[in-house]
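Encoded as structure tokens, the structure appears first; notes follow it.
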Amino acid sequence: MAVTGVLQSALGCSTPVQAQPAGRRCGVHQIHTFHGLHRHSVVGQQVVSLSSFKCGLQRCRAQRACRARAVSTFAQAGTKYDYDLVIIGCGVGGHGAALHAVECGLKVAIVEGHDIGGTCVNRGCVPSKALLAASGRVRELKNAMHLKSMGIQVGSVSFERQPIADHANQLASTIASNLKRSLEAIGVDILIGAGKLTGPHTIKYSLPGRVDVGGTVTAKDIMIATGSVPFVPPGIPIDGKTVFTSDHALKLEWIPKWIAIIGSGYIGLEFSDVYTALGSEVTFIEAMDNLMPGFDKEVARIAQRVLINPRPIDWHTGVLATKVTPGVPGVKPVLIELTDFKTKEVVDTLEVDACLVATGRAPYTHGLNLAAVDAEVDRRGFVPVNEKMQVLDKSGKVVPNLYCIGDANGKYMLAHAASAQGISAVENICGRSHVLNHASVPAACFTHPEVSFVGPTEEQARETAQKEGWADKLAVVKTSFKANSKALAEKEGEGMAKMIYRKDTGEIIGVHIIGLHAADLIHEASNAVATRQTVQDIKFNVHAHPTLSEVLDELFKGAHVEKQTRANIKPEAAKVPVAA
Ligand SMILES: Cc1cc2nc3c(=O)[nH]c(=O)nc-3n(C[C@H](O)[C@H](O)[C@H](O)COP(=O)(O)OP(=O)(O)OC[C@H]3O[C@@H](n4cnc5c(N)ncnc54)[C@H](O)[C@@H]3O)c2cc1C
Ligand SMILES: NC(=O)c1ccc[n+]([C@@H]2O[C@H](COP(=O)([O-])OP(=O)(O)OC[C@H]3O[C@@H](n4cnc5c(N)ncnc54)[C@H](O)[C@@H]3O)[C@@H](O)[C@H]2O)c1
């Protein structure tokens, strides 16, 4: 068979693969519009002369990607699979994995059954942050006392619900399109349909009622990235109008006068911020004894003082919402039966205008047919994986060439965690052993002010230290936003940062922040945990003045470590010239 014929069959192409003249440049247009054509010409060039392959794109991801693809397709000429990697699910996890895989030279397809961008882009992070941004602005402008303290007076502040809802909706569409384009630009094939495994290297994809889409593809490696959906406890019917989950709430179809929020985790807190800014009264219903049970206790106490008490919010803790009866907006209230979490006795019935169910998320792993590789989901529906994101079978052994990342494996249900796991899995696929340190993954709740953290809560850290016999070495240091010049200039002195560390070694274990821009501030700490920077090192970092990041500077400088040796001192660093 001629060289072009070998490549044609290796790529599964219907068009003959032509060898291109050496030195021909690939154009932006080809990449963006006809990536299939681009692939052929790259392969052609690869055959003629590897060194003569050039890309018209300068210093961009697509350039690196097309170089990588040239290597990949060349290397694959003799393989028997359609792709090196097929990812099932195009949320942020699948997207992050696909970008990295292409950069590593893999030929990639992504199977998507519903909407590109998944939860985060369409029903999660992105629209919720748009609502928080708009409602946060309303809250700020309505806070006459705060503005007056800086000499500002505004007249009456009004807003329109629909344009705020449109802002969230349009932002989601824009980001989803950007995400799709970013995949197409680097030659990732997007296969529309719900994917299921039919063998160790085979995926069938289809859409119910659509005979025109679907097919079967093979891949050397497969990655499951199918995400999650809202978890709704039994006894709670969702009508999407008066009783709803975040999926509906993000559309902001109406602003109830009084809304009960079941669950005081991330979603409950962020929506309490949105609704109270837009004029609703909120009642939290929380199963645990305290609000925000998943957060550091001290942070939750401050949050209660800053985010809950000054707002029209009340709460019932230690109770489960066991039965909810939907209402009719403006006509019939929603009824919520509350049951004591410990005694299991019905203790109250609430009548409210609406009810948001924010009781966690359930993995969406339905229909994946893991049985095809002798694996199964756990009792909560998560796909079991090891620390390299490799799927484990029923007996706990690694299923070769199968990975699962993101919300579907339940390790850490955050967008950036999903993406980081995807990148980690790709590294393992490429033979470079990699384990993501989940203790270094930051988290943030985007209330006003924000809450953020990395690592365990102080309570969890103390428990671990006790078990492992280093409780006397655990130390905690705190700083306040009240002493920070920038926060005071903004008249936003409410807030605290605390670091949990080992005073014998200087190891940073966790950092928790509540205060202005806490979500941005956490990264210095999370990166320090990731790179194992110690307190002794980090306290020499220099922070611009006056900035909020000095809250952390003060935190690091306030820590006392027994061992004063600095580990990361590089003498030559001092010789690097500094820009004037
Ligand atoms: C209201 C809300 C706000 C949030 N805010 C934040 C935030 O601010 N920051 C943050 O880090 N996280 C946030 N999250 C969490 C974040 O959205 C998730 O952790 C993240 O989306 C998980 O990404 P994923 O790729 O694992 O899954 P998903 O984003 O759920 O994507 C999975 C994709 O797989 C597709 N799929 C499922 N099954 C199949 C199949 N069989 N075949 C083909 N395709 C399939 C789905 O259609 C979906 O597109 C928020 C979540 C919610 C609900
Ligand atoms: N800013 C962010 O990063 C962000 C924002 C929103 C959502 N998320 C992600 O989405 C996921 C889901 O968020 P969430 O707030 O729904 O879950 P969550 O796990 O954060 O909080 C759920 C809360 O509901 C309570 N609860 C559960 N069942 C109950 C019942 N029957 N009655 C009363 N209380 C009950 C729990 O005790 C818990 O406090 C989170 O895991 C988070 O990772 C992240």
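Residue numbering: from 1, along the chain as shown.
Cβ atoms are placed via backbone N, Cα and C, with glycine included.
All annotation found in TrEMBL is predicted automatically rather than curated by experts.
Predicted-model confidence for the domain 'FAD/NAD(P)-binding' (83-422) is 97, expressed as mean pLDDT. Look at TrEMBL and you will find 83-422 tagged as domain 'FAD/NAD(P)-binding'.
Lys129 (FAD binding site) falls within a helix when secondary structure is assigned with DSSP. Other Cβ atoms within 10 Å of the Cβ of Lys129 (FAD binding site) number 16 in total over all chains. As annotated by TrEMBL, FAD binding site applies to Lys129, Gly195, Thr226, Gly227, Ser228, Asp407, Met413, Leu414, Ala415, His416.
The NAD(+) binding site feature in TrEMBL is assigned to Gly263, Ser264, Gly265, Tyr266, Ile267, Gly268, Leu269, Glu270, Glu286, Gly360. According to its DSSP assignment, Ile267 (NAD(+) binding site) is helical. Proximity of Ile267 (NAD(+) binding site) to non-local residues of its own chain (separation of 6 or more, Cβ distance below 8 Å) is seen for Ser128, Ser246, Leu356, Ala358, given in sequence order.
TrEMBL lists 441-554 with the feature domain 'Pyridine nucleotide-disulphide oxidoreductase dimerisation'.
There are 10 other Cβ atoms within 10 Å of the Cβ belonging to His545 (active site, proton acceptor). What TrEMBL records for His545 is active site, proton acceptor.
The two recorded residues, Gly263 (NAD(+) binding site) and Met413 (FAD binding site), show a Cα separation of 16 Å. Ranking the binding-site residues Lys129, Thr226, Met413 by the distance of their Cα atoms from the Cα of Leu269 (NAD(+) binding site) places Lys129 first. The Cβ of Met413 (FAD binding site) has Ser228, Arg361, Asp407 as same-chain neighbours under 8 Å, each 6 or more residues away in sequence.
Ranking the binding-site residues Thr226, Ser228 by other CB atoms within 10 A of the CB puts Ser228 at the bottom. Residues Gly263, Ser264, Gly265, Tyr266, Ile267, Gly268, Leu269, Glu270, Glu286, Gly360 make up the record's NAD(+) site, and a Cβ search at 8 Å around their centroid adds Ile261, Phe271, Met292, Ala358, Thr359 from the same chain.
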